[in-house]
Amino acid sequence: GGGEHCCSFQGVGLHFPFGEVVSRYLRQTPTALTVLLIFAKEDSQSDGFWWACDRAGYSCSIARTPESALECFLDKHHEIIVIDHRQTRNFDAEAVCRSIRATNPSEHAVILAVVSQASSNYEEASVLPLLHAGFNRRFMENSSIIACYNELIQIEHGEVRSQFKLRACNSVFTALDHCHEAIEITSDDHVIQVINIINAAQENSPVTVAEALDRVLEILRTTELYSPQLGTKDEDPHTSDLVGGLMTDGLRRLSGNEYVFTKNAPQSHSHLAMPVTINDVPPSIAQLLDNEESWEFNIFELEAVTHKRPLVYLGLKVFSRFGVCEFLHCSETTLRAWLQVIEANYHSSNAYHNSTHAADVLHATAFFLGKERVKGSLDQLDEVAALIAATVHDVDHPGRTNSFLCNAGSELAVLYNDTAVLESHHTALAFQLTVKDSKCNIFKNIDRNHYRTLRQAIIDMVLATEMTKHFEHVNKFVNSINKPMAAEIDGSDCECSPPGKNFPENQTLIKRMMIKCADVANPCRPLDLCIEWAGRISEEYFAQTDEEKRQGLPVVMPVFDRNTCSIPKSQISFIDYFITDMFDAWDAFAHLPTLMQHLADNYKHWKTLDDLKCKSLRLPSDS
């Protein structure tokens, strides 16, 4: 339906317009439709259908018994079957229909029941028994050739053509399922068209087919798996709200456990063309990625040029630079398929926790891994684990905090006992998505011991992003890494050895600190990026507060009310309480003067706004 759709068979360089694939299939179907008439005796009604078929150019067969009817159908696979349902003394029409429906070819057949005028005049009969028997339509007996002709023509242009399209699509998708490469269906300008194709197919489809396609669209448009979107908590209010919202399970229940569940409207993924290889990306994207090793890299420009799908492109570039495929013994095709699956399970509708945030954390992680002391402290397995952990660390995030999910009694909160709910879900889902299909299983070629070690490192890092243990992680890092390192430097004129090598527990602390800093590095980005991230997280918190009020749940962070919130105050509190000490410690280890300068500049920006009683992201004159 509707326009040219390019089905790109990645890796082998084949590009077929999807419409052409379907039309080729349709051209291979018989030039004349085949019709089977099942009438025990010849009469004016059977003659009416016979001559109607002749007029329409259809190939017509007649069967007199249930046995011959089934044999004839299995031989010719007729598109339309007309069964005489007017009399029961010759054969049971519903039994005949059921026997045909029990065969595989009948899946694409349209079966018509001819019913008598007498029974319908007595009382309008329900069509349900006919539908339950397997009939598609009911035809009131009328021996007029034109009446029979009109009925057959309507069936051809409705159900039969829809069945042809479904058969064509089924053939294509069966072929795609056996293809070992990543597949995309796009327009000529590389805009993904699956949803558009289905929308077009709905236009001329019967109600039952259209309803089924509605369900398909709903599945395609939502990334929710276990995350019901649910839909309130009253010192410095900004700091206390941040602590309460990010560092507790929000266990302030409503009386009577009156949990209310709602579901977000289905979210549509943005259109995107996927790269065939790292060397096969559009020039505009490749040019941006040339700067990906710089801390000044603008992730929002990548988000825009990739139509909100930056993770695949940045992932391919970063993973290639760190030799991840070589370490895992997996092909770039498998890596690309994995990145596609992971990115597809981020919610593009979230203001903050979407695949752009994941790409930003991946970028920061890769930047930290390039710092001399970090690199000298970790093994390649640690590097690979860190890059994978950064990529998956918020997959399927619902745009709500752990406190919210616990207060709402969500399925995830129940599943994980109100403990590290989202972080547990991110890791579990990431591994489920990875290992369920060989085409995207980046771990399939490494031995069991390597996999177990890698898996444990990934889980540990993602769980470290949960904020309830924030100060525990920071203090352990300071006491076990920073202080001994400082003492060693003070007591020696020579350069000290990296603190992580040969000490797995130290490597674990470094990796935790690294992903924690990467996860909340927004205040250390250049000012324009910092402001954009502040606006996005504020909007996500505003949406949570709105939902909590609608659902009568405890408001976890009351200061994040879109009508009253001071964004500068919230940023100042966040930096004072969570960021400054952690980045001071991380800077002392990794040496990050650029980040610390940005942090100071950004803090000054927020303080200036607050001093001027400005509650927005910028002064009105700067907007």
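Placed from the backbone N, Cα and C atoms, the Cβ positions cover glycine too.
The domain 'PDEase' annotation in TrEMBL covers 277-613. As annotated by TrEMBL, AMP binding site applies to His353, Asn354, Ser355, Thr356, His357, Asp394, Asp519, Gln571. Annotation comment: TrEMBL describes His353 as active site, proton donor. Annotation comment: TrEMBL describes His357, His393, Asp394, Asp519 as Zn(2+) 1 binding site. For Asp394, the entry in TrEMBL reads Zn(2+) 2 binding site.
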Take the mean position of the Cβ atoms of His357, His393, Asp394, Asp519, the recorded Zn(2+) 1 site. Which other residues of that chain put their Cβ within 8 Å of it?
His353, Ala358, Val361, Ala390, His397, Thr465
Sorry to bug you, but what's the C-alpha spacing from His393 (Zn(2+) 1 binding site) to His357 (AMP binding site), rounded to the closest Å?
10
Which one of the binding-site residues (Asn354, Ser355, Thr356, Gln571) has its C-beta surrounded by the most other C-beta atoms within 10 angstroms?
Ser355
Which has the fewest other CB atoms in a 10 Å radius around its CB: His353, His357, His393, the listed binding-site residues?
His353
Largest tally of Cβ atoms lying within 10 Å of a Cβ, found at which of the binding-site residues Asp394, Asp519
Asp394
Segment confidence, the domain 'PDEase' (277-613), expressed as mean pLDDT
95
Taking the Cα atoms as reference points, how far is Gln571 (AMP binding site) from His393 (Zn(2+) 1 binding site) in Å?
23
